[in-house]
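Enquirer: What TrEMBL records for 54-80, 86-107, 119-139, 145-163, 175-195, 201-219, 226-245 is transmembrane segment. Annotated domain 'CAAX prenyl protease 2/Lysostaphin resistance protein A-like' per TrEMBL: 94-238, in sequence order.
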Amino acid sequence: MSGQPTRAGPSPAPTNAARRLPLPATWRRFGAFLRRPVLPDRADLSPGPAARAVLVLFALDLALMAAVLGGIGLASALGLELPDHLLNGFTLTPIMVAFIVAGAPIGEEIVFRGWLSGRPGHILAVLALLAGAAAIVLYPGSLLAGGALAAAFVLAGALLFALRKRPALGAFQRHFPWFFYASALLFAGVHLSNFAGASPALLPLVLPQFVLALLLGYLRVRHGLLAGIALHMLHNALFAGLMLAGSG
């Protein structure tokens with residue numbers, strides 16, 4: 001599902017004020033995109049531009065995460081009691097690190113942004129994979145669940161191939177900003193489960209995930225799903241590294 005999203009023209013050019021800022025061009029384009037999200041006619045899947053965009057946006061990710069986490073740390077220092085993260089106190093085994101760094105980014109990018117191209121094949125393929133995953137959850141360890149998951153992968157592949165030339169849905173193109181921001185909010189909301197006693201009052205704690213989702217969504221529609229997965233892996237690798245350093 002790293003194919004090209006379609007339609008609605010290039011992102012708007014940065015404003016004159018944005019051009020005067022001494023910021024990387026990719027950061028300025030990202031800012032312009034957030035002000036008016038537009039689904040491009042075609043993603044630039046060239047390895048060079050995609051890799052550069054991933055690295056430049058990873059630098060932005062680091063800066064934004066430092067600001068957000070600094071604010072959360074300041075609130076904690078001022079006496080605000082924060083809930084425990086579910087990974088606190090966990091011993092990170094090699095398998096868990098592999099899941100955090102590789103497994104979670106691949107799965108989450110497919111679920112939350114695999115369909116963000118608006119193309120029928122991508123949307124239906126994600127729905128097929130979700131149905132297979134639901135079978136695993138509902139019937140864990142059963143042959144039926146395993147068969148359903150295998151069938152879901154086959155069906156997803158068939159849908160991607162059969163519908164590979166279909167453009168994005170017209171309604172999706174017209175309402176793309178809603179889909180873009182909804183995917184980011186959903187991604188952040190799901191991560192409330194990382195905290196004990198999760199409730200809507202804890203939404204500020206998933207602001208880092210919301211910011212990350214904006215970066216990942218931009219990369220997905222500009223440079224394809226693999227670029228988003230790469231940035232997500234870098235982000236999670238840093239997170240896992242900090243956890244390992246803290247536990248050492």
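Using N, Cα and C of the backbone, Cβ positions are placed for all residues, glycine too.
In TrEMBL, annotation is done automatically, which means it is predicted and not curated.
What you are looking at is a predicted structure, and each value in this text was computed from that prediction instead of being measured.
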Enquirer: How about long-range neighbours of the transmembrane segment (86-107): same chain, 6 or more residues beyond its ends, C-beta under 8 Å?
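Expert: Contacts with the transmembrane segment (86-107): 193-196, 229, 232-233, 235-237, 239-240, 243-244, 247.
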Enquirer: Restricting to CB pairs under 8 Å, which listed stretch, 54-80, 119-139, 201-219, is in contact most with the transmembrane segment (226-245)?
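Expert: Answer, by Cβ pair count: 54-80.
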Enquirer: Could you give me the DSSP helix, strand and coil counts for the domain 'CAAX prenyl protease 2/Lysostaphin resistance protein A-like' (94-238)?
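Expert: Within the domain 'CAAX prenyl protease 2/Lysostaphin resistance protein A-like' (94-238) the tally stands at 121 helix, 1 strand, 23 coil.
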